[in-house]
Amino acid sequence: MSHSNNFYRLETRLQSQTGKAIGDFGMIEDGDTVLVCMSGGKDSYTMLSVLMALQKRAPIKFKLIAMNLDQKQPGFPEHILPEYLKSVGVEYVIVEADTYSIVKEKVPEGKTTCSLCSRLRRGVIYRTAKELGANKIALGHHRDDIVQTFFLNMFFGGKMKAMPPKLSTDDGQHIVIRPLAYCSEKDIASYARAMEFPIIPCNLCGSQENLQRKKVSEMLQDWERQNPGRIDNIFSALRNVVPSHLADTDLFPFTGLATGLAKVDEASLFGETTFQQQPLMFAGNVEENRMEFVRFERPPAAAAAPAAEQAGTQ
């Protein structure tokens, strides 16, 4: 398989962004065993490919085990992933668990099955990680997934919450990591096409796509077309939170604010401090109708005293 210079730049960018995310969040450490969850989609293929490349030149030693969950969906091409994983030489395990039948039994016809399916799948993944001795679980969510989740939670849940690049499972036994957190979906899709990964379609279960997520995705893509770089800026905002300028009393002690306590940058109270401050304009019966907004000074007490004494003698 021959590739162009553009491909190698793309590959380098994905590896660099993944390596930076791993370093920034301490995702992988020396001696870790990482269970790499493979769905057969572009994201998980890309994640495995990038992690294998980084593993070869990393200054630490860690083990990768690829895992696919065969949920017994009708028509699932169960031969594709084992053949691919053998061809790239990674250790792997195929876990069979008939979650499909459970979902079909519990969810009414025509309703989205993704929520229950993901919960059942998560339980199997955690159990598999425990049995294999894997302390890290790698998922293929990327930057766009994280931003979409942020808006979904804000629009439909009333929370400022996204997908963390790294989190601990509820029982505290495993750490879930998202190595592609800094990577764009566009780059991942381009890489997957160039690598000719044997993609397994994600609609085998017959479930409808999450319509809310689809709408949010379309909204973000429309913003990106109008203002290139918008999604990246939103993701950067998730990494640069200023609690004092939000309204969550659990994150910032608003009730404890008082005069004489310099809690925040005063200038930032009036807006973005990176813009050059413009002179204030005044209209009216004054000598000068233009002044710089720097500070106001009161006359010294000594200068005001004679005037007060004079007034008292009259």
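Glycine is treated like the rest: Cβ placed from N, Cα and C.
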Candidate ranges 15-20, 39-44 [criterion: Swiss-Prot lists as motif 'PP-loop motif']: 39-44
Number of helical, extended and coil residues in the motif 'PP-loop motif' (39-44), per DSSP: 3 helix, 0 strand, 3 coil
